[in-house]
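Engineer: This is the structure I have questions about; it appears just below.
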Amino acid sequence: MNYYLKHEFKLILKSKKNLLFIAFIAIILLTYILLMLPKEEHVETVEPEEIKRDLDQVFAQQELRRESGQTYYNRYTGTSYYALRESYYHLHNKILTSIDDDNYRRFTHLRLYYLLGNPRSFISSAEGYEQSPYPGKDKLHLYYQTLLRYQSYLDQDQLITYPMIVEKTTLQKLQELLLSSLTYLIIFMAIYFSCDMLVRDKQYQSLTQGLPMSWYRTINLKSLVAFMFTLLTIVGFSLIGAIIISLQYGFGHFNLPIPIKTDLYGYSLEAYNTMSMGEFSLKSVSFIPLLIFLFIRFNALLSLLVRNTWLVLSVSTIILLSEFIYYDRTVKELFGLDLSYFPQTYFDFGKVVANEKNYLFNVETITYSQGLIVIFITIIIVEILLYTMTKLITKRKFYQS
């Protein structure tokens with residue numbers, strides 16, 4: 001058995017298609033970290049030069065108002081535009097000083113104070129919501145998350161840095177990436193590495209058929225090698241990315257708060273709470289081995305049925321991306337069943353853990369525990385089908401077809 005495991009590992013490691021894929025991912029990773037990440041804009045990105053230009057303009061306008069006597073209060077609104085702009089000038093002057101002094105705890109205090117009193121300014125400046133069916137709702141969601149994030153920073157004793165403000169520390173980038181389509185790439189790696197694990201043995205039939213092992217056990221060993229290789233590849237890329245990002249922006253800390261919406265029908269700050277970065281990371285990562293295992297076993301089942309590497313790859317990829325076929329934020333059911341009953345709902349598992357999936361679909365049923373149950377049930381179904389097919393399609397039938 002040990003000899004066979006070594007043989008399988010050599011095959012998967014020396015496969016040209018796998019090596020090219022790993023090289024491709026490595027290039028993308030390094031390009032993102034070294035070239036794209038430093039230029040990446042955040043909703044809270046601070047440009048001191050822009051602030052200075054803005055303050056110079058405000059100062060000049062205030063001078064003109066003082067000279068022309070336009071400092072009075074509006075009797076209808078009970079406010080003075082001059083006083084409002086004067087307050088704006090002094091507050092942002094303090095913000096600029098805090099940036100120059102690298103005092104980001106003071107910056108956070110001042111920025112939070114400004115945001116609490118000026119929600120419209122934040123919401124109107126938020127970009128990237130052109131394709132959203134509910135831009136107002138989504139901008140308000142981001143506004144409350146930003147408020148809670150700043151307040152949580154102040155409630156902790158940790159040093160507040162600029163990379164924390166713009167969410168560029170290693171753990172914050174991990175969180176952001178797990179809330180993106182990266183989760184599909186992680187699962188696709190398992191699909192890609194295992195799509196040929198049965199078919200490629202047609203050129204090693206004497207070795208495979210001569211093994212004193214059952215067909216089902218042989219497939220189990222192949223699955224184990226593909227599973228371990230995929231995990232090692234993911235861990236390897238994660239370590240490389242973490243080291244490079246940490247050297248540039250810091251690692252972050254696991255008790256860093258992540259704002260989540262807990263009351264899906266509330267539209268105030270009270271509808272939000274926080275989850276620690278450690279809890280988010282642990283729950284998100286727990287999905288990875290389960291989904292990798294599921295797709296590797298599903299690939300084994302498909303291989304028995306279609307016996308073609310690229311067909312296996314295509315079918316598994318279509319299933320992986322199947323949610324995009326019917327995805328719409330107004331859709332809550334599929335074939336009359338709640339979306340929470342379908343495994344593809346949990347492929348972007350980061351959004352499930354952070355409760356973003358519930359927010360997007362405006363439901364309360366897509367939860368971490370429900371996701372684990374659905375994935376486990378799906379694995380059991382695939383295992384039963386795979387075991388049954390190994391009895392119907394024997395090793396001899398498979399390799400002689």
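Glycine is no exception: its Cβ is also placed from the backbone N, Cα and C atoms.
Quick paste of what TrEMBL says about this protein:
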type	residues	note
TRANSMEM	20-37	transmembrane segment
TRANSMEM	177-199	transmembrane segment
TRANSMEM	219-247	transmembrane segment
TRANSMEM	280-298	transmembrane segment
TRANSMEM	310-327	transmembrane segment
TRANSMEM	366-387	transmembrane segment
Engineer: At a Cβ cut-off of 8 Å, and with pairs 6 or more apart in sequence only, do we get at least 3 pairs between the transmembrane segment (219-247) and the transmembrane segment (310-327), yes or no?
Structural biologist: no
Engineer: Which range out of 20-37, 177-199, 280-298, 310-327 gives the transmembrane segment (366-387) the most CB pairs under 8 Å?
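Structural biologist: Per the Cβ count, the answer is 280-298.
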Engineer: Which range out of 20-37, 177-199, 280-298 gives the transmembrane segment (310-327) the most CB pairs under 8 Å?
Structural biologist: 177-199
